[in-house]
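Colleague: OK, Swiss-Prot features for this one:
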BINDING   Thr12, Ala13, Gly14, Arg165, Ser195, Gln290  UDP-N-acetyl-alpha-D-glucosamine binding site
Amino acid sequence: MKKKIILTGGGTAGHVTPNISLIPKLKELGYEVQYIGTKDGIEKSLIKKEGIKYHEISSGKLRRYFDLKNFTDPFKVLKGIMEARKIIKKEKPNIVFSKGGFVAVPVVIGAYLNKVPVISHESDMTPGLANKLSTPYCNKVCVTFPETLKYIKKDKGVLTGTPIREELFLGNEEKGKKICGFKDNKPIVLLVGGSLGSKILNNLIRENIEELLKKFNIIHICGKGNIEKTLENKEGYAQFEYVKEELPHFMKASNIVISRAGANSIFELLALAKPNLLVPLSKKASRGDQILNAKSFEKNGYSLVLEEEELSKKIFLDKLNYLYENREKYIKNMKNSSFKNGIDNIIDLIEKYYTMKN
């Protein structure tokens with residue numbers, strides 16, 4: 001009998017890339033891999049590139065704040081549950097793996113209604129709303145931080161680490177520089193604003209561009225629709241809406257990285273031992289998970305943190321220069337970390353549940 005698994009997760013790239021990192025190993029073990037996502041989420045374009053079957057369902061966004069859509073989106077979620085249940089009943093997967101995000105809730109419930117085992121993964125230190133709603137229907141919940149286990153029912157939580165894409169380790173420094181058109185040997189700052197971009201980070205770089213270019217070349221991943229036309233031919237500055245194949249080369253070429261503090265991103269930086277300046281989303285714009293992630297990494301000596309509330313030109317440039325001058329200390333701390341890539345732990349758990357069901 002053929003092994004079959006359905007993956008789900010979406011809304012941002014952080015809910016998709018960990019799933020993508022599992023696909024090669026799953027295929028190697030003989031699994032037919034399929035995906036359930038939304039009709040127009042970022043997961044659709046990312047997964048289509050992987051050449052696996054993609055199923056579309058409806059899904060409403062889960063919000064912690066007042067919005068008129070809060071009155072209509074629950075009906076979209078109910079519709080999504082019915083659609084996911086129908087897909088899962090037809091495809092008969094042995095297991096469902098969820099990476100969270102609002103699309104995951106209907107899929108997890110749909111699997112539960114079909115008596116299909118579900119394993120989910122929470123990257124952040126505290127569970128997101130989608131994973132909180134999904135947990136009662138999951139057999140196991142994988143976590144990245146040991147501190148997260150206290151939020152999960154004891155018999156469900158498993159410390160696995162987060163899965164890191166193998167291709168990230170295969171970057172070529174010269175190729176990265178060539179793509180960006182850099183001709184000198186200035187140190188390189190890579191800014192990663194996330195798949196949706198970050199207005200604050202984009203402005204931070206662009207408002208200080210002249211000062212930064214005196215010392216650094218800059219690779220700026222700014223998010224969809226955020227290209228600044230007036231800077232398109234600026235020497236030493238390369239901007240991209242979103243990258244995939246190029247990212248390993250950009251990571252390899254960069255000396256320091258500026259990033260938000262989503263768990264997937266920061267654990268990739270840790271795995272690559274890249275000195276980093278983290279600018280976590282403020283509590284006004286999030287549930288505060290990125291602040292907790294960033295503080296944990298700063299405490300362990302892996303990162304330097306700049307909170308949005310203390311943003312100023314002077315503090316930003318001072319911290320960036322401090323990070324560059326002390327980069328070897330951060331590299332050493334990261335290389336001495338006990339962190340391990342979570343791929344094997346998660347795959348072992350998937351295999352365990354496949355064996356139990358069959």
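For all residues, glycine too, the Cβ spot is worked out from N, Cα and C.
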Colleague: Determine the Cβ neighbour count for Ala13 (UDP-N-acetyl-alpha-D-glucosamine binding site): the number of other Cβ atoms within 10 Å of its Cβ.
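Modeller: I count 20 other Cβ atoms within 10 Å of it.
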Colleague: Over all shown protein chains, what is the count of other CB atoms within 10 A of the CB belonging to Gly14 (UDP-N-acetyl-alpha-D-glucosamine binding site)?
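Modeller: Around Gly14 (UDP-N-acetyl-alpha-D-glucosamine binding site), other Cβ atoms within 10 Å: 24.
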Colleague: Any idea which of the binding-site residues Thr12, Gln290 has the thinnest Cβ neighbourhood at 10 Å?
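Modeller: Selected from the binding-site residues Thr12, Gln290 on minimum Cβ neighbours within 10 Å: Thr12.
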Colleague: Which ones in the same chain are close to Arg165 (UDP-N-acetyl-alpha-D-glucosamine binding site), with CB under 8 Å and 6+ residues apart in sequence?
Modeller: Thr17, Ile20, Ser21, Glu268
